[in-house]
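For 1-403, the entry in Swiss-Prot reads region 'Carboxyphosphate synthetic domain'. The ATP 1 binding site annotation in Swiss-Prot covers R129, R169, G175, G176, E208, L210, E215, G241, I242, H243, Q285, E299 and is backed by sequence analysis. Here Swiss-Prot flags 133-328 as domain 'ATP-grasp 1', drawing on sequence analysis. Per Swiss-Prot, Mn(2+) 1 binding site is recorded for Q285, E299. Look at Swiss-Prot and you will find E299, N301 tagged as Mg(2+) 2 binding site. Residues or ranges marked as domain 'ATP-grasp 2' by Swiss-Prot: 678-869. Taken from Swiss-Prot, the feature Mg(2+) 4 binding site covers E840, N842, and the record attributes it to sequence analysis. The domain 'MGS-like' feature in Swiss-Prot is assigned to 936-1076. Here Swiss-Prot flags 936-1076 as region 'Allosteric domain', drawing on sequence analysis.
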Amino acid sequence: MPKRTDIQSILILGAGPIVIGQACEFDYSGAQACKALREEGYRVILVNSNPATIMTDPEMADATYIEPIHWEVVRKIIEKERPDAILPTMGGQTALNCALALEKHGVLAEFGVEMIGATADAIDKAEDRSRFDKAMKSIGLECPRADTAKSMEEAYKVLDMVGFPCIIRPSFTMGGSGGGIAYNREEFEEICTRGLDLSPTNELLIDESLIGWKEYEMEVVRDKNDNCIIVCAIENFDPMGIHTGDSITVAPAQTLTDKEYQIMRNASLAVLREIGVETGGSNVQFGINPKDGRMVIIEMNPRVSRSSALASKATGFPIAKVAAKLAVGFTLDELMNDITGGATPASFEPTIDYVVTKIPRFNFEKFAGANDRLTTQMKSVGEVMAIGRNQQESLQKALRGLEVGAAGLDEKVDLDAPDALTKIRYELKEAGAERIWYIADAFRAGMSVDGVFNLTNIDRWFLVQIEELVKLEAEVKAGGFAGLNQDVLRKMKRKGFSDARLSKLLGVSENEIRRLRDQYNIHPVYKRVDTCAAEFKSDTAYMYSTYDEECEANPTDKDKIMVLGGGPNRIGQGIEFDYCCVHAALALREDGYETIMVNCNPETVSTDYDTSDRLYFEPVTLEDVLAIVRVEKPKGVIVQYGGQTPLKLARALEAAGVPVIGTSPDAIDRAEDRERFQQAVQRLGLKQPDNATVTAIEQAIEKSREIGFPLVVRPSYVLGGRAMEIVYDEQDLRRYFNEAVSVSNESPVLLDRFLDDATEVDVDAICDGERVVIGGIMEHIEQAGVHSGDSACSLPAYTLSQEIQDKMREQVEKLAFELGVRGLMNIQFAVKDNEVYLIEVNPRAARTVPFVSKATGAPLAKIAARVMVGQTLEQQGFTKEIIPPYYSVKEVVLPFNKFPGVDPLLGPEMRSTGEVMGVGATFAEAYAKAELGCGSVYPEGGRALLSVREGDKQRVVDLASKLVKLGYQLDATHGTAVILGEAGINPRLVNKVHEGRPHILDRIKNHEYTYIVNTASGRQAIEDSKVLRRGALAHKVNYTTTLNAAFATCMSHTADAKASVTSVQELHARVKANQA
């Protein structure tokens, strides 16, 4: 049946900010849904609070609202836009929960809005654990023994039934949030209390443990005529007990017999029918006991998910796009498959003749004190996917694409160390982020496949594959470079060995291996992802490399530009950089260039087969990029858009004769190399905080006496502030050198005078060699010392004088010309006592580019991409800075709730995973919306606790009187209370934890506070007050760790975040009117 004509406009709910467990795969699905529905002629209204997404670009929908995904705000949008239908299956758990709230509060009924894609009942049946259990029993499928509990009392009753170990999961949460595995009563109590607190319905599911079982996922699509297809069967390499988002996964499933596959296939179709998913994609998870083959169903998601993004990229079948069309009445046989150019309908199940491996990317090094063992709560922040002709090639490509410094199965353990075996056994049994490398070490240490299986429960088939790779490495090592003949080298390349890994095994340079390959003419060929195992001709250039005979790349001789993507998401390099890469591809495609994308992140829009003309799904390493350049011969390569990943390759690419366009690699180096940069700064006569570069600890102490404390210390060349700290005295400085870094002539350490209480400012600008245009000046809300990626910011600036801003504009222009920037640049300043200090310059796309583009309506990444290929700013009509007639505030989202034990104090090391944007007529309204967007709801009044550091005591009086005016009663710790008392404000005095009971923590646990302001500096003070911040986090009390944020919060109390809604299109029209 063709599409429905009784609905004209559809509201799509996005997923909001990126958090662990819900990342940019929902930008990919939402963007696809917008495109699919608009090409069918529907009016699309989109709501998403995350500005760093492609789906919130003004061209993607008819009306785009960057507003909080909160049911009261969405009600305002429904009232204004009057959509006929709402599609909630594209925005993850956030969108489902919001849709259920709209249903519950009667909003959908009030405005006559129909839910499409999934009914409220189907969502509820799949999400509500007890209803799901009953439903599965009714169709003869077994679930793990389990029951729900709404209190600790009930939880203990369930425990008697399931026994230890048991798995605890809160209802309606995402990425296993708040869940875990309990092995004893103490852990059981801790996880249950946390889980009851985190579940929006205060309900837990307690399951028997299936630890060590095999885990599978089926991606299923069903239409309203009951046509069903399995898009992909995914097998988890890691067994049950590790969240599937943290597992290495493989597609197609490798260890199922055909009979088992058919049983599972039939079961998944039965699940969709029973739950009532009539239109769209779902993912169904199964566990199989390897001992007796008992199969249980673990859960199903009645929506597009992380796995469906992976399945789409793995097969070339666009699940989200198809699901969106099914939601408006199409059936699978009516839709044509794009990849085969319409030669096959969407009702053909994809078949694949290659192996896909996904490996998660973790960031534990950023969370000191976090438990880094993997459990049922998701902890990874990104993922990489690789495609190969066999499991071994696929795995090794994924390992090098991960960018954790591994070129393959690199050694982790020194096997001669006395505790080597103990260490390996621990790492195999208690899985951490690096288990796969320890498995290889176990084989090197002589363990058998059975020995490894007994510790890991990983299927022996996978272990044999790894064991063989380890044996091959040993043979190659023994044969030496001389023994690397044509046959051996070709065999190693077919098994996925990188040049870098071979060079490490043989002790020669990577270049020598590359020369040898050239001599033997051993080069990769490119095969196409075509959904049909080459049965039909593919129109789509979606390629992966392998060492085979026939190459299917068929390059053209058009003018081509190649964009290098950012690889897997991680903290400090996320979706913002992917956004820039997509914009580069779109802009140059519009201008008639053929665009080529190289990336290996399955979650993103950049790896969608129709974002660029040609997509190479390959690791972003020197070897892989050079191989593609050899085949495609592009006219230019863009390295400034994918963050640090491609930037690191700039010099080596240039040396290999690759045309790197935009700012030259030498200019990039002048900005990143401390000494070269200082020469430029001195030549221009600009101010920097006093600083020094040291190569030994004694030298550091001598310099620190000249500069003075506090100091910011960090190793040179880092992104996202790795190993960066603020030290307050000499003793602290010595500790840093002993614990945090190894300092040497090769790796110097930088010391900078820390400008306490300075205001930090970010500026994005574009230079074409003739003129510099400022994209936006953003004033940070958190003071200097908080990493710019973790600070909220306002555009336009909300306190800076015109004079200071003009000083910055002048300096930006000088710097751009001095460094020879062609394209984007980002500059960070600090303002203190009316002086402007230069902190750093990055001649590349920064993470603020999407936010500035949304706030001003100027697509900076597109404009700069055109500058790189030679268009001037004047030709593009972008010649002056746009200052919008409204305020936009960017606020960040932090993942501390996933890492109990980590201090949530903000500092110079970046730890946020995502961002939201709020827009308002005043700064207060914009800030209030941004806070609501990241889920902080500040109650009116109540009791506030103030405990601040020495340097903040002057300003705390002002803050206290503002809080009193807002109706708060105040508590304060001793030092703060004295200052307030002198000013005539008398707070209740409370004890610090070591001062006797009842102390602060008791009061937090009793829910006495609605707001906490706690600032601390100096090692000891930070350590002492950590319990207060952890307590606030654990008991969901709103807290701020900087005074600036506290003042901004007070201001936001004067505005109503839910009062008005404005679309991006309306905002940009206002900007244009204002310009005129």
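Placement of Cβ uses the backbone N, Cα and C atoms for every residue, glycine included.
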Number of helical, extended and coil residues in the domain 'MGS-like' (936-1076), per DSSP: 72 helix, 22 strand, 47 coil
Nearest of the binding-site residues (R129, E215, I242, Q285, N842) to N301 (Mg(2+) 2 binding site) - Cα to Cα: Q285
Surrounding CB atoms that lie within 10 Å of the CB of E299 (Mn(2+) 1 binding site), all protein chains: 20
Long-range Cβ environment of E840 (Mg(2+) 4 binding site), under 8 Å and at least 6 residues apart: I827, Q828
Intrachain C-beta neighbours of N842 (Mg(2+) 4 binding site), sequence separation six or more, cut-off 8 angstroms: A671, M825, N826, I827
Nearest of the binding-site residues (R129, E215, I242, Q285) to E299 (Mn(2+) 1 binding site), judged by Cα-Cα distance: Q285
Tertiary neighbours of R129 (ATP 1 binding site) (same chain, Cβ under 8 Å, six or more apart): A146, T148, R169, S171, E203, L205
Least Cβ-crowded entry, counting other Cβ within 10 Å, from the binding-site residues listed as E208, I242: E208
Where I242 (ATP 1 binding site) falls in three-state DSSP terms: coil
For the binding-site residues Q285, N301, the one whose C-beta sees the most other C-beta atoms within 10 angstroms: N301
Neighbour tally for E215 (ATP 1 binding site), based on other Cβ positions within 10 Å of its Cβ: 23
